[in-house]
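As structure tokens, the structure follows; a few thoughts come after it.
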């Protein structure tokens, strides 16, 4: 029988000092036999996805206490990728994921907590907490802050849905008036919550449902809706039961590595491909798998991407549907239901409720369930009122979207395409693979050949795009922006946004060893591995070299002879210590970022630390 970790600090005369300090936090004699559960919050006023979380940790903590546990809350950092975008702040975004994972480990191990409830929401916070959960392997339940309501505004006598990306595109479009740009900006992000499309934050919160570590509804139920409060209450209640299952019944199925096992990781990736999730999810799933010592790699993702259809199309791939519409159609469980009926899921998986996949679908799939309470939960909709408060409205749709032929979620037979929303490409320029969000690629661009326009940084590329130096047919190559070369693997949202604003969104391709925002669409290929700073072939591309992109056949090739590439490599390596570094780039890199770069792996490994350099 496993021993409660917390007994290390609460039992025995030699722990009198520790107990004295615990008493100073409000604990009493009766508490020293109870499980100590960490409430890992991420409240900050910097991030709209986290601005409403201040009191939600207390909500979870009170429920833990009522259920027989001891709750201890602490906070992690949280970076807003949208606010950090387009300047030096973006260098810190991905490295913050590692800091979040480490800080959770430090706090939980230093104080010997028995279990965790992770209150996350935005881009790097959910992955960082997920990495920590699988690293620590103690009982955990995730509950996120929830999605933002879609923005809405009236243009040309028509109400349209908006999000952050619309504000960015129109703000950079010289043909849009100042008045219209300001109207879109003021309407794009109306409430607290993670940005309203299938961007990185919402993608990851959906994947946590598929992994089994979050409660049904977690990925899609709006941050503003009163129904979301129940998820926080349930998380506080169920974590105590989950903790006792492990420590008092020796039930190892309660541990995250046994819930989020390889079969669950495959299901999560299948979901991601089917819903056209952010390419960043690939990076984060690979990183989490490494933390959990789960054998899940780019090879698995490539295999899955070839058989999974695109069943759910959401902004930024379409303006019609946002997360509130996904929820109305049945949310994550609704998509999983269609995937299961298509015979694509691993069924021998469980979740934090102790339910297997069949039981979960019977209870929560709107196409199967007889539970009116569940149907009411999925009818929870937006109020259209600007607010930063959680649970501030209780509006409901008059009916659910169960149209599986032309609705938000489709059956396999009526899929948006039989090819999924994400693809892994291989070729000489990406020997270890690269990622493209096919859900956002125009059908006419699935194959593309063009001359390279090479840039040593995102900033240089942006200047060229806005300066008219990039023309239709070009392949924009942005290198030395990978985990090591950036450092920090910046998101390339501004280059893709500006290509659209300059009318080049469907006539150019973009290739980078950096990554893309979940808000990116178009022929944008990222995560090129190995990256330039690690000697990847992308570092040898020259202006005018032709690059062939073939998404249907999963290929990407630099059309340059092996002899010429060998000569270029020899020339590059002759630079000695200056080899495989950007030429002429001026960038201030802090020592904190240099420390990250020293240990960072390329994107095909999840950009995690190279443990071999640490003796691991």
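Glycine is treated like the rest: Cβ placed from N, Cα and C.
Note that the structure is a prediction, hence the values are computed from the model and not measured.
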Further Mg(2+) ligand in Swiss-Prot, beside 123, 124, 491, within candidate set 81, 157, 163, 166: 81
Among the recorded positions 122, 195, 517, whose Cα is within 10 A of the Cα of residue 491 (Mg(2+) binding site)? 517
According to DSSP, which kind of secondary structure is residue 491 (Mg(2+) binding site) found in, if we only use helix, strand and coil? strand
Give me the non-local Cβ neighbours of residue 195 ([2Fe-2S] cluster binding site): same chain, 6+ apart in sequence, Cβ-Cβ under 8 Å, ordered along the sequence. 48, 49, 82, 147, 148, 163, 164, 189, 201, 202, 518, 519
81, 122, 124 screened against residue 517 (active site, proton acceptor), Cα within 10 Å - retained binding-site residues: 81
Mg(2+) site shell beyond 81, 123, 124, 491, criterion: Cβ within 8 Å of Cβ centroid: 79, 84, 90, 93, 94, 122, 200, 280, 517
